[in-house]
Each structure stands twice: as C-alpha cells, then as structure tokens.
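Here is the structure we will look at, set down as structure tokens.
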Amino acid sequence: MAVRSPFVVVMGHVDVGKTLLLDKIRGTSVAYREPGMITQHIGMSFVPWQAVEKYAGPLVDRLKLRGKIWIPGFLFIDTPGHAAFSNLRKRGGSVADLAILVVDITSGLEDQGVESLKLIQSRGVPFVIAANKLDRVYGWKSVENRPFLTAVEDQEWHAIATLEESIGKLVEQLSKLGVEADRYDRVRDFGRQVPIVPTSAVTGEGIADLLLVLAGVSQRFIPRDKLTVRPGPARGVVMEVKEERGLGVVADAILYDGVLKKGDTVVTAGIDGPRVAKVRMLVMPKPLEEMRDPEDRYMAVEEVKAAAGVRIVADGLEGVVAGAPLMAVRDPGEVQEAVKVVGEEISEIKIETDREGVIVRADTFGTLESTVLFLRQQGVPIRKADVGPPTHKDVVEAVLSRRKNPAYGVILAFNVKTPPEVEKEAMSSGVKIIRGEILYRIFDEYIKWSQEVKTKTVEQILSQMTRPGKIQILPGYVFRRSNPAIVGVKVLAGTIKPGVTLVKDGKEVGRVMQIQKSGKPVGEAAAGDEVAVSIQGDVMVGRQIKEGDVLYVYVPDEQARQWLFQYKQYLREDELKALEEFLKAGRRR
C-alpha cells in the first residue's frame with residue numbers, strides 16, 4: 001500500500017516568523033520542482049523529498065541521508081498556529097504527524113510558545129524547534145539559502161559567542177519545562193533530546209537543515225503504518241467551513257486515509273451533532289504549470305486520494321464546525337453506523353464532567369478540546385464545554401455554578417462572539433464573559449478576575465465577622481460606674497468596634513455602645529489606642545469589672561473556627577494572639 005507524506009504544522013508565539021518561515025519552505029518546493037511533480041492542495045503545501053534533496057544538495061550527503069528517506073515529502077498546513085493544530089484532531093490523537101515550534105532566537109520561548117509546546121506534548125506529536133531570526137544575531141554574516149552547518153563555519157567568534165549564549169538560554173528555558181534539547185548537530189540521542197535548528201525566514205539560512213532534520217525525525221518516530229494509506233472511503237477532518245460564491249457552503253478538509261469520490265455521502269458534525277451530506281463536487285487547485293489566470297485557480301475532480309487537502313461542495317454542510325471528523329460512506333446501509341461513530345467522537349469533546357466549574361465555549365471542536373485540556377492542566381474545573389457562541393442556558397449554568405463558588409460564575413469564550421441578548425442577560429445576572437483569540441490571555445484574564453472576585457468575597461465575609469480584640473480598663477479612668485458603664489481603656493491587641501460583646505474570664509459583661517477618642521466618636525480602635533468606651537449591660541464597675549481588668553471581644557464559636565482554619569492569614573499577629581487567649585479563657589471556664 002502507498003505511503004503518504006506526513007502532515008506538518010508550524011506553531012509558536014506571535015511575530016516569531018511562522019508565516020514567513022512557511023513561505024520560505026513553500027518557495028523551495030516551487031523553485032526546485034520538476035515538471036508535473038508538484039501537486040497543489042487546498043489549505044496545504046506539498047514539499048516533495050526530491051525537491052528537498054535538490055535544494056539541500058551537499059548537506060544531504062554530509063548528514064548521510066541520501067537514499068535513506070522513504071517518505072514522499074511533507075504536507076505543510078498553510079495556516080500556522082494553535083487553532084490549525086487543534087483542529088487537526090482525531091480520536092486517540094492528532095492528524096498532525098510533525099510540528100515545528102518556531103522560537104525567536106533573540107528573545108527565547110515566550111507565552112504562546114510555551115502554550116504551543118504543551119499542546120504539542122499533550123497530543124504526543126514529534127517536534128523540531130526552529131530557532132528563527134538567525135540573521136538578527138549580532139555580527140552574523142548572512143548568505144541566502146545557506147545551510148546552517150555551512151554558515152556557522154564562516155562566522156567571526158563574537159557572532160558564534162552570541163549565538164551560543166542565545167541557544168544556551170533557550171535550552172535552559174526548555175529544561176525548566178521538562179524538555180531536554182540541544183543544537184541539532186550536537187544531539188546524540190533523538191529519542192531523548194529535541195533538536196534545535198537555527199534558521200532565518202528572511203535569508204533562508206538553516207531551512208535546508210530544518211527540512212532534513214524533519215525528515216530524520218519523521219523516519220525515526222512516525223510508524224510506517226501510520227503513514228500507510230488504506231483503500232476504501234476517505235477519513236479526514238474539516239479545517240474550515242465557508243460560503244463560496246456560486247458554490248454555496250463548502251468545507252475545506254484534510255484527508256488522511258482512503259479515497260473521496262464525487263457522489264459519496266459524507267458524515268461530519270455541527271454544533272448540534274452529526275451531519276450527513278451528499279458530495280456534489282470536489283475542488284482542487286490546478287497544477288502550478290496550468291495556473292495562467294489568478295482568477296481561474298481551481299478545477300473540479302472526480303476523486304481525491306489521501307493524503308490531500310480538498311474543497312468539498314455538498315448539500316447539507318450548513319452548520320458544520322471546523323475540527324469535526326469526516327467519514328465518507330458509499331453503502332447507504334453504513335450511514336447510520338458512521339453517524340454513530342462521529343457522534344461518539346464529538347461527545348468525547350463536549351464534556352460536562354465537573355459538578356461545579358466554569359463554562360467554556362470555543363469556535364471549533366479542535367479548539368474546544370485544546371482549550372479544555374489547557375484549563376484542566378491549570379487546575380480550572382469545567383462545568384460545561386461546547387462549540388459555538390454562549391447561550392441563555394450557559395448563563396443559567398454559570399449562575400448555578402456561582403452559588404457554590406463566585407469564581408465559577410464566568411463564561412470563557414475562545415474565538416466566538418456573544419449574541420447581544422446573551423451579553424445583556426449575563427450582565428444583568430452578574431455573569432462574567434471573558435472572550436479572546438489567544439488562549440493564555442483568556443486564562444490570565446480569568447485568573448486576574450477570579451482573584452478579584454475571591455478578594456471581594458473574602459472582604460464581604462470578613463466584614464460580617466467579629467475581629468478578635470483585647471482591652472484593659474485604665475486605672476483612674478472610670479467616668480460612670482453603670483447603665484451604661486463608661487471607662488477609659490487601652491487596646492492591647494486586635495480591634496474593638498461599637499456593637500461587640502466583651503467578656504471577662506469567659507463570661508459576658510456587656511456590649512460596647514460607643515467609642516470616643518479625644519472626645520469624638522470613632523468607628524473602631526486598634527492595638528495601642530487609648531479610648532473611652534460605653535458598655536451597656538448588667539455590669540457595674542467595682543463589681544463585675546474593675547480597674548485594671550483585661551477584657552476580650554467575644555467571638556462566636558463558628559467564627560472562631562473560620563478565623564483559625566479558613567481565614568487565619570487575614571489576622572494580624574496580635575489579633576491571632578488575642579483570639580487564642582480568648583478561647584483558652586473560655587475553656588478554663
């Protein structure tokens with residue numbers, strides 16, 4: 001059986017040169033193609049191994065790869081980034097066979113790069129690191145399209161020193177994330193170390209090295225069985241759904257197995273479950289040699305064999321979501337079985353596992369899956385996760401979740417817009433909607449918001465609790481003996497406020513009515529303050545209390561437990577000591 005080319009996705013932080021790197025790689029296949037050798041794809045670029053061999057030239061021999069590579073070439077996904085990789089999903093793993101993690105060699109691994117790395121690792125996809133922007137290394141002498149191994153031999157010592165320092169920092173960053181890596185020509189065990197290839201998407205330096213390292217990694221880590229294309233109806237994944245003038249709703253899909261034919265029935269999925277559609281037309285780009293008119297770039301074909309990127313024109317594609325599985329069926333009796341398989345697959349993504357947690361919404365099945373995975377890794381519980389914009393039901397679910405934990409009253413919306421009526425309902429219900437197109441920024445905003453909510457919630461709870469306090473009646477400062485007793489006191493620890501109950505030796509003596517300092521009423525007195533207090537109750541100075549007595553603020557048992565076991569960090573040291581003394585006095589009684 002035929003062997004297909006591995007699918008390759010390019011990932012990394014914003015502005016690291018992902019798109020430019022892809023353009024440079026695509027350029028090699030065009031420049032070094034042979035007539036009729038280049039097959040055009042929808043959403044993918046094919047780089048044949050023969051073109052790589054011609055482009056890389058002596059480096060192929062230097063690395064002893066000539067005649068050893070059995071893959072036909074590489075199929076690069078045209079759209080770089082997190083979303084494309086997320087949508088390349090299938091049951092049990094990823095449609096992507098290889099990934100290139102692009103890092104800016106001058107600044108190292110950044111937030112989105114870390115997120116991309118974790119996503120790649122979660123799917124178990126072999127990857128190579130392209131340390132890009134080599135041309136910006138101080139003192140580096142660039143020559144167009146030169147292999148890195150050749151270029152590095154032509155550099156001054158200060159350029160090499162700067163390069164080594166940058167790679168060393170990157171290796172250290174990766175090590176802290178549990179990834180052992182090194183410059184690719186120093187890697188001795190590719191099973192243990194991730195290769196780093198210095199590249200320049202501007203000059204093309206290191207591109208040859210990158211393609212050869214990709215080839216080596218693919219041969220080492222991708223089982224031949226995974227790349228073997230089996231006969232029969234196609235299997236694939238939907239990458240994009242859009243409306244095309246004159247064609248209606250079309251789906252751009254990647255086929256990783258089998259053959260898709262005009263007239264086939266395809267089973268895929270929308271927000272509300274599996275969808276069945278009949279293929280009316282299959283569209284592919286014309287070969288490069290035949291592209292005379294930019295407006296006439298596509299042609300209709302009768303069938304498409306995996307691996308391929310194809311545009312499907314079919315009745316019934318409305319509402320299909322990117323990242324959905326795609327199964328072709330030719331026997332009408334097998335349609336229901338395919339519907340069942342697709343339904344089971346998408347139900348694994350649409351999760352409602354935690355009793356309490358946040359609500360998650362994403363634009364595609366793939367991004368939903370990766371969003372949920374990322375949030376789970378960060379310890380964020382999820383009550384509900386689904387594809388599509390937030391709904392009325394989501395707001396209701398968030399309100400219910402908030403009752404258990406105010407920080408769960410939120411909808412995290414990745415790459416989806418919120419309908420105005422839902423936005424209005426959420427606002428009136430006190431439900432927060434956090435939306436964005438970059439996952440780690442949504443997470444950061446959620447963490448910031450949840451901390452604010454937690455702080456506000458704790459402040460509200462603490463404002464209703466009695467803070468511990470300890471006072472001493474000052475000798476010579478009895479202004480009134482009873483009804484109410486008015487005495488001068490010094491606050492020895494903690495805080496006293498009007499309304500608190502005072503106790504002596506575990507027995508209640510009365511309630512503080514008013515506190516005055518320098519003849520004026522105040523709302524509270526803290527440790528060190530000397531104030532006058534009026535005490536209402538069955539108390540008389542000279543009987544129940546005397547000059548020099550130490551009194552404690554009465555803290556109810558339940559609140560005392562809360563202070564000690566839930567909110568201890570919110571007590572000052574003197575307040576904690578006063579609480580412990582109060583409890584000890586109560587036990588003695």
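Backbone N, Cα and C atoms are what each Cβ position is placed from, and that goes for glycine too.
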Point to revise | Feature region 'G1' in Swiss-Prot, mapped to one of the ranges 12-19, 108-115, 228-235 | key: 12-19
Review point. How many of the residues that make up the region 'G3' (78-81) does DSSP mark as helix, as strand and as coil?
Key: 0 helix, 0 strand, 4 coil
Review point. Does anything in the same chain, at least 6 positions from Leu134 (GTP binding site), have a Cβ under 8 Å from its Cβ, and if so what?
Key: Ile105, Trp140, Ser142, Phe148, Ala151, Leu163, Pro198, Thr199, Ser200, Thr203, Glu205, Gly206
Point to revise | Tertiary contacts of the region 'G3' (78-81) (same chain, 6+ residues out, Cβ under 8 Å) | key: 9-12, 18-19, 22, 43-45, 102, 239
**Study point:** Helix-strand-coil residue split for the region 'G4' (132-135), DSSP-based
**Key:** 2 helix, 1 strand, 1 coil
Exercise for review: Tell me whether Lys18 (GTP binding site) sits in a helix, a strand or coil according to DSSP.
Suggested key: helix
Exercise for review: Grab the pLDDT values for the region 'G4' (132-135) and give me their mean, rounded.
Suggested key: 95
Exercise for review: Can you check which residues sit near Lys18 (GTP binding site), meaning Cβ under 8 Å from its Cβ, same chain, 6 or more apart in sequence, and list them in order?
Suggested key: Val10, Met11, Gly12, Pro80, Gly81, Val102
